[in-house]
Every structure is written in structure tokens, then in C-alpha cells.
Amino acid sequence: MRPTRPADRALSRPRRRLPAALAALAALLAVGAGVLVDLATPAPRPADAPADAFSAERAYQNVKVIAARPHVAGSAANDQVREHIVGVLRGLGLETEVQDTVAPEAGQLSGAAGGATLARVRNVVARLPGTDPTGRVFLVAHYDSVQSGPGGNDDAAGTSTILEVARALAAGPRPRNDVVLVLTDAEEACLCGAAGFAADHPLAADGGVVLNLEARGSTGPVIMFETSRNNAKLVEAFGRAAPHPVGTSFAVEIYRALPNDTDFTAFLDQRFVGLNSAYIDGGAVYHTPLNVPAAMNRGSLQMHGDNALGLAREFGRTDLRDLGSDHDDTYFPVPGGLVRYPGWLTLPLALAALLAVGALGWLLRRRGRATAGRLVAGAGLALVPVVAAPLGAWLLWTAVTTVRPGYAELLDPYRPVWYRLAVVALAAAILFTWYALTRRWAGPAALAFGGLVWLALFGVLLAVLVPGGAYLTTLPALAGALAGLAALATRRDGPWPVVAVTLAGAVAVVILLPTVVLLFPALGMGMGGVAALFAVLLGLAALPVVDLLHPQAGGQRGLGALRARRLGALPAGGAALTAVVLAGVGLAVDRFDAAHPVPTHLMYALDAGTGTARWLSHEDDPQPWTDGYVDGTVSVADDFPGLGDGELRAGPAQAANLPAPKLETLSDTRSGDQRVLRVRVLPQRPVRLLTLHVDTSTAEVRSATVAGRDVPVKARDGRWGFGVVFHAPPPEGVEVTLTLLPKAGQVSLRAMDASDGLRGLPGFRARPADVGVVGSHSSEMLAVARTYPL
Ligand SMILES: [Zn+2]
């Protein structure tokens, strides 16, 4: 064992080490607390708040009416919600109409059934005419809910926010620009309402600025997570006019990686510009029966409203012709506001950070603080926690889900905070262990340098691949390198090195702490490793401060060294123990019970032609309750093409006495080798959707028209090579015209429809209280299908 040379000592090693360490720690904790306060939701304002202000309590009265029960597009419950919304808007004296149309889906939704997707939609559209309009501002939210829950947040929050914003706007002076309120239908099914409005409504013809309001969970800060391209002027307005401007250019990149979509997509398809905002924490209730009004954090509602009202006023008065820009901004929240800079600065800044870190390495070597070999070793070693922390988080969550398999079907646990803290503690344990093991050999200067090297390299990589996220590592790397250079330029035993590294640590906390905090709800515990990665990057950026806290370990021999090493293991051991305890507390606290039921997925599919029926489930590892219905795994692609072609769990069921949709031939003509078949698909019971598929081994589909609309002829895999999905079909059915190239004497068509709810089916037993329903678009679906040879 060799003694540590003085050259290997910390970048900053003042004589009064403990007070300096405590002061630095206190400063960083204060900055961290400021960050968390900034992300907290505001207090909901009472019902007697001034008329020109947004009141969450007033808005909540509408939430209770809208989300009284599930109101999927096309249902009688949704008719009532729409009538309520129309009544409120007319009561405010606004020109209000219902756009009733058939619209295709928007965006790149992967319709489970494949093929063309459409819906009959009824959008509520109201206008507050401007005094001297330069364009239109659109406030958008969807009023329909999923079939499996009342949509207490998703999107009664957005809809009620718009109604309360409309009230506040109507109570004040008229805005300069038109403000158009669009409450869309069938968002959950296919974004069809928004697509129909954006493509066909006269008020949408000239485009405009869209503010879309959503809620994926039930609580947490409202995040502005998506913008149109070239967003610089929009983001500037957001930072200026939103009272709680929480938004980051990194969120856009994260959001693109998630399988979610909103109405905003439909507007972007039609070249609107705008901003998309949602609160996302409390994701356990997403799309479930538990998404009731009472589950809503009204502080989140207040935040939605404050921002929406501020932005509606801002865009209501500015010249909307001036919103164009030729670039995106990088932006992120800091306590008290939003920092933004032009996106074209991203790469130069990343290169500057890399250069600064390089200069730091050069100076460290020149000053004899570390040899070239040690610097290279420091860079290599710093990669260890960067890899180990996400891996550890993944292993931790694998262990937790082994103990509690029911988590597999949840976006996030009901009470995720213990697990989130456990992941952070685990990341700290990994960092401290790594530091205790490598510090003596590599020296603190080389390790701090190594951490900065990776932050700077990630910055360059992100600048090229994910520019909106480059600030996350570029700015901490730049701050850390500049602090290191400043520390080397000042007296080693004076206070300035500590001040410099503490300032750099504060930059890292301001930038990376919100990222860690917001990534957990955004991605769920299954991807907690991403949050762990950013937590460990925060630790690396603040490594000189970590070193101040690290027990003295250098320069001693014998017993002293042994004692120091034991002390050195203290933070690591403490953090590891904390991680285990927190995960244990999570398991103990977040148990499934009647208020937090274990989610289960079940469907029923009846072939009315053969009189056979099956229970089906999407659960990979079925819960005991679901196990009572399903055993093997099947693909239903041949029998129920409307249910997609993935593998499902299945089990035999008694056939219910339910009719399949009827197929009426309206006309059947042949000319040359073509056959034009006009049919009406007519549901025989109240249904949410119907599908029609063509066996493309019997005929090739040349073109198709559904409810008067031409639909693209997209080929799908398997026997049923062409399909149409129609949501919210009217009672009189849907007319489909197929131009076919026959390959056999008869063409085979398969019609399916689906309703919701399994109660009353033979063999179905109600769930016990602690068993719930998965929030999905097919939970509790009851499908009936039949093949028609024509
Ligand atoms: Zn939804």
C-alpha cells in the first residue's frame, strides 16, 4: 500500500474541512429545496376568487358533472356531458355549436385492428370573437373518457379548465384575437375529433395557436411537454405569460419515446403551432375506474388554469403573425422562471464544455495534481457508476415486482414515492461505494475530472442526437470545469475553491434535480433506471462537494488508514441500507386493497357463426383472479382480426346469446374484372365500435369508402388483409363500399362489434373488492364476430 502523495489530494482541501463541508452541503440542500418548491402545485383558489381569476374550486364543479361516470365516445353518457358543456358555454354568451362529422384517425396511432380507423364525432366549438384579430387562439381538450373509467382527470381536467378560462375571459375585456374553444370527441379512440376539427372546420381553415390541455395522472406539476417545431417565439411567450412555467425541451424528446398521443398531434398534422401541457404524476389511476374527480389534486387543476388563462390572454393580445421563428429553443425550469437559449447554441456550448474540461485536465497535470495516467484512469473509472446505477435500479425493480407481480400492469405504483426514494438512495450508494473504492488509488482530482469528461461527452452526443436534452449534461460539465479552473487559480487553503465547487454543484442541482424528479412519473418505475442515471450524473457533477463530505482517508498508514477506510465505507453503507429500507417500506405501505386494487385485464369474444366463445386477457403473467378464466396462449388474429394480432391469454367460455353485427348488401355490381360491393354493417345491440375485415385470399381490395369517406387501403398481415375500424357507430350502422378484384367465387367478410362490460355474461363472477381493472382501451370489452361469404 502506498501513501497518497500530496499531489493526489482533493481539488479543494481547506484546513477547516468539516465547516466547509457542512456549509457546502447546506447550500446545495437549500438550492434543492428551492427547486422542489418551484415544482410544487399552487394552492387551489376558492369559489369566491375574483371573476377575472382562475378558480380551481369553480372549475372542479364542472369536473364532478363531466366525470360522474364513464362517457366513451358515442355513449348516452357522453351525450349528456356534451349537453352540459354546450349549456355552460351558451350560458357565458358564447357562439357555440356542435360539429357532427365522421373523421379519420390522426397521427401514427397503431390501431390494434390494423387498417383504416374512423369515428363519428361531435365536437363542441365556441368562439369569443376578437376586437381586431390577427389570427386565432385555440384552447383544446377532449371531453370523452375511456370506457374503463370516468376520466376524472383525463380529460375532465382540461375540459373544466377551458370552461373556467372561458368564463374568466368572457368576464373581462374582449381580447384582440379570436379565442376558439374546442372540446373534442373520440380522443381516446383515435384522436378523431381533433382530426375532424383541424381538417374540416371552417374556424380551423387558417390555422392558429393551439393550447392543448391534458392529464395523464391525477397530481403533480403541469408540464409543458410538447411544442410545434421552430418554437422560439412560443417558448418565449410561455416563459413570460405562464405563472408557473414548468417545461423542458428534453420532455419533447422523452415524449416521442412514449407510446402516448394526444389531440395535439392532429393539429400539428394540419400545420397549427402551439403548446401541449399535462400533469402526469399519480399515473396508477390512468384510464382506470379509479380516475374519479375525488382523485384529482386541485392544485394541479389550479396550475393548469393559471397557465392556460395567462397564455390565452397573452396569445389573445399579441400579433399572431409574429410567432414564426427559424429555430427551436432549449429551455428548462429554474426556481422563479424559465431559462431559454436558442437551439443553435447547443453544439457550440457542448464543444465549449468539452474544451473547458480538457483545459482543466491539462492544468491539473501541469500543477501536479494528477498524472496523465491517473486522469485517463479517472475518466475510465467514472463510467462505472454511470452504468451501474441504471442497472442497479433495474435489478431493484425486478426484485420488487417479483415480490409484487401486480405492478406489471400499472404505469406506476399507487404510492410510488418510497420506491423513487429507494432508487435515488441506491444511486447514491453506488456512487459512494465507487468513490470509497477508487479515491485512494486514483485521487479525488482525477475522479472529479473523469465525471466531468463523461458529462461533457454526453453533452456533445446529446447535442447531435437529442439537442433539446443537451443542456442536462453540457451546463453542469461547463460549470464544473470552470469551477475547477477557478479553484486551481486560487489559494488552495483559502475559501474560494470550496465556493467555486459549491457553485458548480448548485448549477448541477438546479438542472438535474427537476429532471430526476419529473422522470420518475414520466417513465414509471419500470424505467426508474433513467432517473437513476441522471441522479448519478448529478452526483458526478457535484463530486468535489461529495469529496468534502468523504471522511479523510489520505496519507495515513496502519490503524489510521484502516479507521479511515471504515469511515469511508460509512456513506456507501448508509445509502445502501437506506435503499433497502425504503424499498421495504414501499412494499409494506403500497399493498393492494379495495382502494388500491390489483389491476386485471379480461375480455370476452364470441363467434356468433360457430357459437363458440372465449375469455381473453392481455396479462403476461395473469393474476389469480384472471387465472380463473384463462389458461393457454393464443393468437386471435384469424377469428377476431378486430382485436389485433398479438398473443393473448385465453380460456374457454360459455356462448352468450348475443347477435353479431348484421351485414346488409345494398348493391353488388361487376364491371370487367372488378366487383363493387356496397354493404351496411348494422350493430344489433348498443356497441362502442365495429370492424369489417376482408379475407384478401378471396379478393384484393382496390379501394374503399367508409361512411362516405375514402380510406387508404393499407395492407395488414394475415388472412384478413384489409380492415376498417369504426368507433362510436350511429344506430343506423355504417355504409362501406369496397371495390374488389375477386380471386374466388365468393368474397369473405368478417364483421365484429364490441361493447363494454362483462357483467351478466354466463360464467362471469364479479371481482372481489381488491381486484380492479387495468386502464386500457380493451378492458372489459365484449366482442361478437361473424363471417359473411358474399
Ligand atoms: Zn386518455
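Cβ atoms are placed via backbone N, Cα and C, with glycine included.
Automatic prediction, not curation, is the source of TrEMBL annotations.
Here the structure is a predicted model, which means the values were calculated and not measured.
Among the ranges 190-210, 526-546, the one that TrEMBL lists as transmembrane segment is 526-546. Which of 272-294, 341-363 counts as transmembrane segment depends on TrEMBL, and there it is 341-363.
When Cβ-Cβ distances below 8 Å are used as the criterion, the transmembrane segment (567-589) is approached by residues 396, 399-400, 403-404, 413, 415-416, 418-419, 421-423, 425-426, 428-429, 432-433, 435-436, 439, 549-553 of the same chain, each at least six residues removed from its ends. Here the transmembrane segment (341-363) has Cβ contacts under 8 Å with residues 232, 249, 327-331, 375, 449, 452-453, 455-457, 459-460, 462-464, 467-468, 470-471, 474-475, 477-478, 480-482, 484-485, 488 of the same chain, all six or more residues outside its ends. In this chain, the transmembrane segment (375-397) lies out of contact with the transmembrane segment (470-489); the count of Cβ pairs under 8 Å, excluding pairs fewer than 6 apart in sequence, is fewer than 3.
Within the chain, the transmembrane segment (496-520) has long-range Cβ neighbours (under 8 A, six or more residues past its boundaries) at 11-12, 14, 20, 23-24, 27-28, 31-32, 35-36, 38-39, 221, 223, 246, 248, 250-251, 254, 332-335, 412, 416, 420, 423-424, 471-472, 475-476, 479-480, 482-484, 486-487, 490, 528, 530-531, 534-535, 537-538, 541-542, 544-545, 548. Sequence-distant neighbours of the transmembrane segment (417-437) (same chain, 6+ residues past either end, Cβ-Cβ under 8 Å): 381, 384-385, 388-389, 392-393, 396-397, 400, 447, 516, 520, 525, 528, 531-532, 535-536, 539-540, 543, 546-547, 550, 553, 565, 568-569, 571-573, 575-576, 578-580, 582-583, 585-586, 589-590. Beyond the transmembrane segment (526-546), the same-chain residues lying 6 or more positions past its ends with a Cβ under 8 Å from any Cβ of the stretch are 10-12, 21, 24-25, 28, 382, 385-386, 389-394, 396-397, 419-420, 423-424, 426-428, 430-432, 435, 444, 447-448, 451-452, 454-455, 458, 472-473, 476-477, 479-480, 483-484, 487, 501-502, 504-505, 507-509, 512-513, 515-516, 519-520. When pLDDT is averaged over the domain 'Peptidase M28' (123-310), the result is 95.
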